[in-house]
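Have a look at the structure that comes next, please.
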Amino acid sequence: MSHTTHPYQKELEVATLAVKRASLLTKQLSDSIVQTARSGTLTKDDKSPVTIGDFASQAIINHAIKLNFPSDEIVGEEDSQELQENSSLADQVLSLIIKIQQETSVYNDVVGTLTDKNKVFQSIDYGNSQGGSKGRFWALDPIDGTKGFLRGDQFAVCLALIEDGKVVLGVIGCPNLSENIVSNEEHSGVVGGLYSAVKGVGSFYSELFKEGTEPLSQQKPIKMQNHTNPSQLKVVEGVEKGHSSHSTQAEIKAKLGFDPTTVAKQTVNLDSQVKYCVLASGQADIYLRLPVSDTYREKIWDHAAGNILIYESGGQVGDVTGAPLNFGNGRTLDSKGVIAANKEIFDKVIDAVTEIRKSSTPRV
């Protein structure tokens, strides 16, 4: 299928502009939080900035989807109850939305505008779909990587289209991701990346804060590397130890033959689905997210867009057994953990995980 002819042209345009608008809003908010924190006026327990960002981002994107595809359902992370019970918070959310709509008014014809609180509430609550294995729905994470967002570090706005349980389109806006983040040069390249994938077409990179949309034929195709030598491999993992088992992941790297003296330099810790983007663009080779408990189930919005980005860039994604992730099971994945890697090394990673699982407690 060519870059210019695919059946998701309109969906990609809407998703791109909505994610761009939401990314700009969340970037501005994140930057202001960091400034406030530096001045000492933001307390550690103050969750309102990220709450405002989550609500505003979800409202913008859900509204754009429903405006263009009224029969589509959306699986979103938030609902509007807290906002409806807090008038001050709702005012702040609406104010931010109106401001960003004015700044990106060239997008209004495609993604629409929100002008009152009731419409904001309604748009947020469009995200109440339960998903499933039949039909068509979108999966949205309005701010993926809350801690990174609050630190002014990595976070992402993630949107995927799922048809009959299969991801067919993904768009990830990474406001603080530089094009060559894993290189030795500190934050080299353009900051702010948009990563897109369409089933059967490929994965692509473009500048997030460049106005408008470019056809895929004008975007930069991205491909995973096929490194297999342990000395060449780079691993991306989460920052938060509560989200994945770093100790088990260390065992896996040892089993794969990583040199203990260099393994730290070969491991990159990043928040959010930014990890998938780094992998898909060939800057890393393995993504490890091993479960911290036997009962934890991943949310589909945390992985759907990243999943197609990896496949369309030539990689492979699975759970700890190597089985593909199932996005037709409702709002959560019925699987343990997530592992992504280039196709040359994927089976070896799964073999290492299997060996460690056999010799460990049932948790892994």
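Counting begins at 1 with the first residue displayed.
Here the Cβ of each residue, glycine as well, is placed from N, Cα and C on the backbone.
Got these off Swiss-Prot a minute ago, pasting:
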- ASP54: active site, proton acceptor (ACT_SITE)
- GLU77, ASP141, ILE143: Mg(2+) 1 binding site (BINDING)
- GLU77: Mg(2+) 3 binding site (BINDING)
- ASP141, ASP144, ASP302: Mg(2+) 2 binding site (BINDING)
- THR146, HIS243, SER272, LYS275, ARG289, ASP302: adenosine 3',5'-bisphosphate binding site (BINDING)
- THR146: active site, proton acceptor (ACT_SITE)
- HIS243, SER272, LYS275, ARG289, ASP302: AMP binding site (BINDING)
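Map the listed features onto the structure and describe their local environment.
Mapped onto three states, the DSSP output places ASP54 (active site, proton acceptor) in helix. Under a cutoff of 8 A between CB atoms, and with a sequence separation of 6+ in the same chain, the neighbours of ASP54 (active site, proton acceptor) are GLU77, GLU78, PRO142, ILE143.
In the three-state DSSP assignment, the secondary structure recorded for GLU77 (Mg(2+) 1 binding site) is coil.
In the three-state DSSP reading, ASP141 (Mg(2+) 1 binding site) counts as strand.
If you take the C-beta of LYS275 (adenosine 3',5'-bisphosphate binding site) and look for same-chain residues 6 or more apart in sequence within under 8 angstroms, you find VAL236, GLU237, GLY238, ALA284, TYR287, GLY306.
All chains included, 17 other C-beta atoms sit within 10 angstroms of the C-beta of THR146 (adenosine 3',5'-bisphosphate binding site).
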Let me know the most crowded of the binding-site residues, choosing from GLU77, ASP141, ASP144, ASP302 and counting other Cβ atoms within 10 Å.
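Ranked by Cβ atoms within 10 Å, first place goes to ASP141.
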Measuring Cα to Cα, tell me the gap between ASP302 (Mg(2+) 2 binding site) and SER272 (adenosine 3',5'-bisphosphate binding site) in whole angstrom.
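Per the Cα atoms, ASP302 (Mg(2+) 2 binding site) and SER272 (adenosine 3',5'-bisphosphate binding site) stand 8 Å apart.
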For the Mg(2+) 2 site given as ASP141, ASP144, ASP302, which other residues of the same chain have their Cβ within 8 Å of the site's Cβ centre?
GLU77, ILE143, GLY145, ALA156, CYS158, SER272, GLN273, LYS299, TRP301, HIS303
Check the DSSP secondary structure of ARG289 (adenosine 3',5'-bisphosphate binding site), expressed as helix, strand or coil.
strand
Which are the residues of the chain, GLU77, ASP141, ILE143 excluded, whose CB is within 8 A of where the CB atoms of the Mg(2+) 1 site average out, their centroid?
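In sequence order, the nearby non-listed residues are ASP54, SER57, GLN58, GLY76, GLU78, LEU140, PRO142, ASP144, VAL157, CYS158, TRP301.
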Determine, to the nearest whole angstrom, how far the Cα atom of ASP141 (Mg(2+) 1 binding site) is from the Cα atom of ARG289 (adenosine 3',5'-bisphosphate binding site).
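That separation, Cα to Cα, works out to 18 Å.
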